[in-house]
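Undergrad: Pasting in a structure now, in structure tokens, and then I'll have a few things to ask.
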């Protein structure tokens with residue numbers, strides 16, 4: 001008897017934002033005390049961001065991941081002990097090691113010995129994590145995966161650099177992906193080009209207990225914008241081709257929530273109406289690997305995304321990395 005084809009399917013979503021919501025005006029007032037000039041109008045015009053959330057000093061990335069994961073597990077209706085794969089996409093882990101995924105596994109009380117590891121692809125990290133989990137499930141190695149994007153980017157921001165500190169926020173989003181005979185994830189595409197590593201990076205490193213170089217995020221905004229608008233349409237089209245779908249068959253586009261101008265540019269190039277694009281950058285800022293699952297959960301919980309609809313996620317991040325996935329919700 002022929003063995004049925006395995007797919008991976010989204011069972012549930014969850015997200016969490018730390019309670020400290022910082023508006024542009026509040027951030028502007030804080031920066032003014034340091035002699036840094038900016039304004040709500042300047043930030044909104046260039047990014048579309050109105051507010052972001054910052055984690056308290058004693059809250060870690062794994063803490064944010066835990067709250068988002070609990071909500072995704074509840075929404076999926078699965079037993080945590082059935083989760084045999086945990087992948088956390090983050091660039092701001094609790095420690096150099098152990099991985100945030102292992103810390104999360106322990107905090108969830110999962111004792112089944114399943115695999116747990118981090119993926120570091122910055123803002124495209126969740127697309128990388130979803131494609132990786134999908135491959136593991138399709139191969140039969142794992143059946144139920146918890147994939148999380150979680151960040152505390154406020155820890156690596158230089159609040160004397162107005163071009164970067166106004167952009168980012170903290171948060172976490174999670175998805176339960178499970179083996180299914182029904183198609184779920186339909187196609188993915190991942191790429192990287194390390195020759196662009198210097199345009200978005202934290203150039204410092206720890207050498208024998210001493211930080212060598214700057215530990216703060218550095219970004220060449222114009223170079224990032226130019227690269228992003230060039231690669232995002234291409235990787236989205238590639239993922240759609242693998243899914244045997246045309247852009248007009250996509251019900252919802254969930255781009256990495258980096259900058260409203262980049263997002264609308266990609267949406268327009270794909271020929272999709274703006275109404276089909278999920279936007280949370282205005283209230284969350286850029287939460288790096290957390291942005292896509294945060295936006296996905298928001299659109300699921302408010303009823304926009306319905307079962308059976310096609311969703312396209314795409315993102316680009318430091319490395320440089322970029323990726324996209326298409327799935328039927």
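Using the three backbone atoms N, Cα and C, a Cβ is placed for every residue, glycine included.
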Undergrad: If Swiss-Prot is the reference, give me the range from 252-256, 257-261, 262-266, 267-271 marked as region 'ACP-binding'.
TA: 257-261
Undergrad: Could you give me the DSSP helix, strand and coil counts for the region 'ACP-binding' (257-261)?
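TA: Going through the region 'ACP-binding' (257-261) residue by residue, I get 2 helix, 0 strand, 3 coil.
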Undergrad: Measuring Cα to Cα, how far is residue 256 (active site) from residue 123 (active site) in Å?
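TA: Cα-Cα distance, residue 256 (active site) to residue 123 (active site): 7 Å.
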Undergrad: Would you count the other C-beta atoms found within 10 angstroms of the C-beta of residue 286 (active site) for me?
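TA: Other Cβ atoms within 10 Å of residue 286 (active site): 23.
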Undergrad: To the nearest whole angstrom, state the Cα distance for the pair residue 123 (active site) and residue 286 (active site).
TA: 9
Undergrad: 10 Å Cβ neighbour count around residue 256 (active site)?
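TA: There are 34 such Cβ atoms around residue 256 (active site).
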Undergrad: For the region 'ACP-binding' (257-261), what is the mean per-residue pLDDT, to the nearest integer?
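TA: Mean per-residue confidence for the region 'ACP-binding' (257-261): 96 out of 100.
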